[in-house]
Amino acid sequence: MFGTVVVGVGIAGLARIRDLMNPMPSSPSEHLKLLGFVSRRSFGNINEAKQISLEDALRNKEIHAAFISTENRSHEETIRMFLEAGKHVLVEYPMALSAKAAHELWEMAEQKGKVLHVEHIELLTEEYKQLKKEVAGKDLVKGTLHFTGHVLDENKTGFPAFSGIARLTWLIDLFGDLTVTSATREKQKDKNYSRMTVHFQTANK
């Protein structure tokens, strides 16, 4: 069995705990054993998974891999700690707030001989797979991707482009590399409203 720990118990972290506690039959998850979860908040136990300290997770020799499901801004530091401790790491997208930091982390994982895997789970859904089939072999002439959500704490999630970067990877996965041609941001503090509009161009313009 491969010992694991989940770091962060938001929506993604709770889903990880649920799936690790109840793996699908004959799936690779059956070989993973959840040895605890780490959170700044005090929970005690969640679905029979016990809360442990970050220090215990880093020191525990039975924990071979960490599943990081914290806010974007803390990903980089948490990845570094677990790689330094000799653990494999799976992290929710995005891995870091800069390409430079991401490349440093890839190099660090390679030097340590550990797997650093970034998972963008939306790309694995049936809806997305169907969308990919529908656009295969077609040329993009023009299109719009519009999505909404609540206003996020920039201190935790990073600049607003990072709040939506998971959606932008849909476009890159579907249509190849994109170039930003313009970007604007509108803020209405009194209404707790923020909007970012970005225009992209594909490689064939």
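For all residues, glycine too, the Cβ spot is worked out from N, Cα and C.
Residues or ranges marked as domain 'Gfo/Idh/MocA-like oxidoreductase N-terminal' by TrEMBL: 3-120.
Across the domain 'Biliverdin reductase catalytic' (128-205), the model assigns an average pLDDT of 86. According to TrEMBL, the domain 'Biliverdin reductase catalytic' annotation covers 128-205.
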DSSP helix/strand/coil residue counts for the domain 'Biliverdin reductase catalytic' (128-205): 30 helix, 21 strand, 27 coil
